[in-house]
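Chemist: Below you'll find the structure I mean.
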Amino acid sequence: MMLLLDLGNTRLKWAWLRDGNDLARGGTVVHQGVAPGDVAEQTRSAGMRPVRILLASVAAPAYAAALADVMQADYGVPVERVETAGYGCGVRNGYQRPQQLGVDRWLTLIAAHSLERGPVCVIDAGSAVTVDGLAEDGTHAGGLIFPGRRLMRAALGGGTHAIDQEFETGSRPHSRTEPFARNTDEGVELGILTAMAAAIDHACDAYARQLGLPVARLLTGGDARWLQPALQGSYRLVPDLVLQGLALFARSD
């Protein structure tokens, strides 16, 4: 039994990898402003004792280290930090300096290569939005990064007088059908949605044109469900894509 941990900038997601290689869903918790011990408490399940703990983190190093210390003390098992590599699980990292690619993106590429037979674009809509291209043979074409929903809102709020930085965000799918909003809050939210969707569609379409082939599109991340209805074409929602990649890494290690 392995405990798999995906520590992002905002949330911790976890899952259990059973001896039969079945991935059992764990849960998700927001960790911003929460003590590592309280976050670790959320991962405990009755009767579940891991023989290995794997952690993939893009969070602040000090927070990740503190969480790893708590987990190791709780379970009596060393926490193994997963890092980006130049090659692994059939995927070749396209970055000039492979370690610059976030480990979350690396793991989504590994999962995508397993899920799709042909070329694929992998979109992770989290604190930042990333779009990566992956060829059929597992060659990573590179990617792009831009601010996510909350960061865009914070940028507008910090640079203008009349727009609030603080607002309630939900993860439910966006349901507006009108192209324009009639108040500032909705205008900002719809503007952010339109900008994100247009950038993603453009990147995926450009990669398909470059290859001269249809390209599958996988969507993950905390804002994926909210974003999906605004995208053009077929985007497959895979909420646990990082954890699926982490499971593949664990099986191959």
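Note: Cβ is positioned from N, Cα and C throughout, glycine not excepted.
Found this in TrEMBL, in case it helps:
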- Asp6, Leu7, Gly8, Asn9, Thr10, Arg11, Leu12, Lys13, Ser127: ATP binding site (BINDING)
- Tyr95, Gly102, Val103, Asp104, Arg105, Thr184: substrate binding site (BINDING)
- Asp104: active site, proton acceptor (ACT_SITE)
- Asp124: K(+) binding site (BINDING)
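Neighbours and distances for these, please.
Modeler: All protein chains considered, the CB of Leu12 (ATP binding site) has 26 other CB atoms within 10 Å.
Look at Gly102 (substrate binding site): DSSP puts it in coil. Listed in sequence order, the residues of the same chain lying 6 or more apart from Gly102 (substrate binding site) and placing their CB within less than 8 Å of its CB are Val58, Thr84, Thr130.
Cβ contacts within 10 Å of Asp104 (substrate binding site), excluding its own Cβ and spanning all protein chains shown: 26.
Annotation note: Asp124 (K(+) binding site) sits in a strand segment as assigned by DSSP.
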Chemist: Taking the residues the record says bind substrate (Tyr95, Gly102, Val103, Asp104, Arg105, Thr184), how far apart in Å are the two Cα atoms that sit farthest from each other?
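Modeler: Pairwise Cα check on Tyr95, Gly102, Val103, Asp104, Arg105, Thr184 gives a maximum of 40 Å.
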Chemist: What kind of secondary structure is Asp6 (ATP binding site) part of, going by DSSP in three states?
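Modeler: Strand, per DSSP.
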Chemist: Could you work out which of the binding-site residues (Thr10, Ser127, Thr184) has its C-beta surrounded by the smallest number of other C-beta atoms within 10 A?
Modeler: Thr184
